[in-house]
Amino acid sequence: MSFSVDVLANIAIELQRGIGHQDRFQRLITTLRQVLECDASALLRYDSRQFIPLAIDGLAKDVLGRRFALEGHPRLEAIARAGDVVRFPADSELPDPYDGLIPGQESLKVHACVGLPLFAGQNLIGALTLDGMQPDQFDVFSDEELRLIAALAAGALSNALLIEQLESQNMMPGDATPFEAVKQTQMIGLSPGMTQLKKEIEIVAASDLNVLISGETGTGKELVAKAIHEASPRAVNPLVYLNCAALPESVAESELFGHVKGAFTGAISNRSGKFEMADNGTLFLDEIGELSLALQAKLLRVLQYGDIQRVGDDRSLRVDVRVLAATNRDLREEVLAGRFRADLFHRLSVFPLSVPPLRERGDDVILLAGYFCEQCRLRLGLSRVVLSAGARNLLQHYRFPGNVRELEHAIHRAVVLSRATRNGDEVILEAQHFAFPEVTLPPPEAAAVPVVKQNLREATEAFQRETIRQALAQNHHNWAACARMLETDVANLHRLAKRLGMKD
């Protein structure tokens, strides 16, 4: 089999049709899955000896949240080292990273696997993986044809990464230096709320403004602070953390500003405070609403004038510190109640950010669950950790009052429980492994029983026609998008439409 000019042109067109990178990537692998007739495809970005999924088709949604470290995935490591097309034999002893992650085929292992490393010049930037359930599924395609596919994918990925780099540099102050060497914190989530938050982080990171991060307990406020620091010109300098809620009143001032020898009982030597440690860097004050009014006044002075005094010292020290503060309280109400200074609130909230609770993030819960499953797999030395359909359904309908932190603990506990009831190093998480209180799954909708006026085959075909028509209307008559919505293979959908008389 060989690719026609029309097929290659179609792939190139799909890469140009999307508005954003994510849309282009999704179109690419959906088209490839249709052209190559594979069961699953994935586009991965390479970063710091791990592959990060950018777009998937035919794989469980939680794959988008997983991070595939080369040390734990020998097939992906082989792809990264190869420099050319890699075909894994059906009897390969190397475990496939997607075993158990193809919906409806959780109990079966992938039999055919092809890996295409993607390069920008001599640098590895990603990989394209193609998987199938039949051992000889990709034998009809030559290496030369697959290299052509890899070149198209590499060009799209390289351009996207270059655009991201240029956009980041354009947001930097004119005298700032690039900070590509600093490892970026990964914030997992594709929901509208998280997408907006990431944009706001990118905007404010390039400035030197103070930021107030608000959100419920467990939403990931510290992760937001890390992301701001790592994307800022201060990234090469320290990010210093202080939990204000854990500060005893007797040592709080010393922790913030330091002390000199003999300043109080037990001060046996000079000691720098958090502000000095964070000089030229960033200070993250977690649970800022717990500070006493007296300390709030001293903190306000530092923000106003940029100098500090160690406890017991009359001299002032100049510091250059960016302050990021976080709270799970409504500080506006705290100001009205007289428990928080209004002037400090306005100083801190120059650029406020709000982290959405997990219950408002839709399918992000599945992506995060995949991320934590992969963490557990590596930590416990397991070959795979897979979420069953029942477990995914449960996670999507639980409200998670403890947010992301509660999800992380729930996944870890479920892995331990599942491992205890199974032999071997493969873990499948079922709904019963999660101990969520008061979880009510939505009941199936009751429907009126229609009067039967046609035989079963006619009724089935009528239902199929109407379902396909509605899906096409919702997806602007894009057959690939329609197939994704109906969770079926696009080639099978075309064949069904022809049989139903919907296509010539």
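Here the Cβ of each residue, glycine as well, is placed from N, Cα and C on the backbone.
Check Swiss-Prot against the ranges 239-258, 479-498 and you find DNA-binding region recorded for 479-498.
For the DNA-binding region (479-498), residue counts in helix, strand and coil come to 17 helix, 0 strand, 3 coil, using DSSP. DSSP gives Lys221 (ATP binding site) a helix state. In this view, Lys221 (ATP binding site) is surrounded by 24 other Cβ atoms within 10 Å of its Cβ, with every protein chain counted.
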